[in-house]
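Here's what TrEMBL has on this protein:
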type: BINDING; residues: Asp16, Glu18, Asp212; note: Mg(2+) binding site
type: BINDING; residues: Ser153, Ser154, Lys187; note: substrate binding site
Amino acid sequence: MATISIPACTSALLLDIEGTTTPITFVKDILFPYIREHLEEYLSTHWEEDECKQDVHLLKKQIEEDMRQHRSCPVHTVDQTVHTDEEKAIREVMDNVLWQMAADRKSTALKQLQGHMWRSAYSSGRIKGEVYQDVIPSLKRWREQGLKVYIYSSGSVEAQKLLFGYSEEGDVLDLLDGHFDTSIGAKVERKSYERIAERIGFQPEEITFLTDVTREAKAAEEAGVNVVVVVRSGNMELTDDERSHYSLVTSFSQLEVTERV
């Protein structure tokens, strides 16, 4: 693909993670399986700690909201191996977390718990954050050219910081100016991008958003944000209409910053 010029009015870049800075396979094959494999152990070990209690409280509030909205919820089956109230409570939390993950839910409650679990995995060296080879050099180049760089992902801010703080390239958090997650709003909603623009102090037209998801791109466009769709191996296929409508890149190295006057 040809080089794409970032609009000259751009002062800030807003980056998605999954499928944009980081392979989808890292999330699907490493991060998510880690949660499924270690969830019971984590909850049992940290159940009485304040942080875990807050995570569970948030999950219960999400369940209550789902019930009010008449959304489907996991069905709890009788498990003869569960005897104590704590074991029963842990099993119910596990059922809900695994159900949300299977449904690809993006709830803040789920993402917060996942972030706390991944923290121990990253800090112990069991997991290292994976980014595409073109990402770090591009972040450095953009910073040298005076651009601000922010992350906006459905993963919690803590999970984002862990990925870049414990990346295969080392700690690269100093290349990023800030992080946003779904606590500011869903990525497919126009108002989320308006809130981000207000928070970072730029007009929407001064921001360029990089994502692999066209529903997110559409919402950002509706907010007045510039959009570039990232096409990576393993990402969802684009329609012909989407390919003709959006600026496309397969690598950050194709993005050229127009010199600002």
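A Cβ is built for glycine as well, from the same backbone N, Cα and C atoms used for every other residue.
It should be emphasised that the depicted structure is a prediction, and the values quoted were computed from it without experimental measurement.
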| field | Nearest-integer angstrom distance between the alpha carbons (Cα) of Glu18 (Mg(2+) binding site) and Ser153 (substrate binding site) | value | 8
| With every protein chain in view, how many other Cβ atoms are within 10 Å of the Cβ of Asp16 (Mg(2+) binding site)? | 21
| said: Beyond the listed site residues Asp16, Glu18, Asp212, identify every same-chain residue whose Cβ lies within 8 Å of the center of their Cβ atoms for the Mg(2+) site. | reply: Ile17, Gly19, Thr20, Thr21, Thr22, Ile24, Ser153, Thr211, Val213, Glu216, Val230, Asn235
| note | Widest Cα pair spacing in Å over the listed substrate contacts Ser153, Ser154, Lys187 is 8
| Are there residues of the same chain, six or more positions away from Asp212 (Mg(2+) binding site), whose CB falls under 8 angstroms from its CB, and which are they? | Asp16, Glu18, Gly19, Thr20, Val229, Val230, Val231, Arg232, Asn235, Met236
